[in-house]
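Structure record follows, encoded as structure tokens.
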């Protein structure tokens, strides 16, 4: 992998209220351990506990009437999204503050558990790349969560089914979104104590503010990670098709590396412009609908350009070498063996490297185009000729035997790491 795999350990942030930390751990464990249809109903006293302790969690209790007024009685014109556990409305408080209100589905017990986990998690966890919780409503049978309003919607809204006139995201914006999401995940994994497994990372759960700054949302499936003497958390498999790590989908064993796999899928979506579970219309014959299965052989065979989103290719503004590096990072995260995947801190450093070099390339290209250029014989070249030559140089590298062999070495390194971890040996340092 590239030299940016070096990273600095993150500072831990402990959840100071230990009694409530245990309470949340119990709530998150109970939210998934029971098989569907047999889970014990969460009684209203659990929700009342949240209400009574709201001052300790720095969030506001809203009345149902207050939120109904804010959302114009939850009418369709206020509707901004639907999810697996509820419907989201845009609202405006009497203070003028814009908000997003998620009304949890009353038809299932799981919705009440989701409510408890989400409110408690977001009350304790605060980071610039996590959505901010304003408060909640637990009045009667109503369960509503109130967030900051994110004006640009989700990443999913900017990748698929674009409206007429809607611009596709450029390379730098896509990589900045990936970096912000990775930083949010790094906070959950490295700074929260105990670590938090997000468990529901996908493009529809990454929201964007007016500057395309991403924030992770929807924490109803989040769980505390394993304690020091355990390698994983065993739980009922939940999540979205196309994003679940294979070891979690097959065995229910959940680790921080399960989130890394999901992040790899998101990064691959950002680069390819394809859904994690592709429509059958995009598949040929018996081809798998899973994006990962579609893209992996293309990556291994050096057919990088077939992976990239055509809209991204048309916009330009990126280097073929950096595109190749981005896909490398995605497939490191998508290693079949959990122990072969990088940590989220390593992923953050890799993405910083890619963005830094993207910005440098922009500046270098601008200087060359504005200042003109000359070939080796001293003959001036036009801006178009200069750009064409730069693209040819990059293409020569990406399709070279060296680059193809490098891809195979990355896969071999991942397998070596996984094998040695299974045997309890110390794995070697990844190839730089």
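Glycine is no exception: its Cβ is also placed from the backbone N, Cα and C atoms.
Looking at 54, 73, 163, 234, Swiss-Prot tags one of them with phosphoserine, and that residue is 234. Residue annotated by Swiss-Prot as phosphoserine (from the set 19, 32, 44, 231): 44. Just one residue in 47, 94, 107 has phosphoserine written against it in Swiss-Prot, and it is 47. All protein chains considered, the CB of residue 200 (active site, proton acceptor) has 23 other CB atoms within 10 Å.
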